[in-house]
């Protein structure tokens, strides 16, 4: 084990090199709490325990600290990889402050929703274990949030070629994998709950509340809730999602989609939705153009090339045939030349 420590340290230093203070601070906190877990029960005081989160205890700080608590080396590696990936792929678009806000919002939502779910389970079953023996912690909630953000920004990117898997399908595929592992009792229920609530809370935040240069949220069609599901299920899911959204708008938890019409633009009418990013639109245009070029190239490669031998035989047959057209052309040319008036033989005047 000791001989692998220098190699692991080298990889960590290389991964964190060039990242912001936010990424380094979060990564350092994960490593520090994992080291302390060998001497202290960090999950008891820093993870979300449903019975301690609400009254009379109100351990509200656990909503922000539970995402940093890991008790296994695999969990530490997953958390560090998630934070570094967010720093590499999301921080250049959002900035370090927005990445920190996203981390805090997702973790707090995961802790609050998870505690509420276990509290409702206790109310239905009256098992006290759901209140005090359950500890929600780990980086799976933030992993779900990062995958949702990558679906928003680079959903058309290919993750696997065989079988072909695009980035927009990864969040739901991982959710199905975790559900299967939970049914096989390989993972705990808190892992599935953390990932599920991280998926939901991150989408809600990015869809309706994230602030950016063009306003707030992302109301584009490619980021609708139905796009997380297979195409055959999208109409039914879209209908249910629209009903829920209409209900939330009526109770003023969500805002209504607003379209802006700019009749003073150079074109006739310009329609813009709040949350749409010109860079994303340009990226989608480039991907569509690339796909079109590849399709045209395949069609050109499949087209049959003309037979050169047949063309040569055709030319030979034409050359051996009568030359009547050439003679007629020559006659016409001679007649045309004889009809011209020239002054070369005219007598010179005295």
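Sequential numbering from 1, following the chain as shown.
Using the three backbone atoms N, Cα and C, a Cβ is placed for every residue, glycine included.
TrEMBL lists transmembrane segment at one of the ranges 80-97, 152-169, 170-187, namely 170-187. Given the ranges 99-122, 195-218, the record in TrEMBL names 99-122 as transmembrane segment. Listed ranges 42-64, 226-248; the one TrEMBL annotates as transmembrane segment is 42-64.
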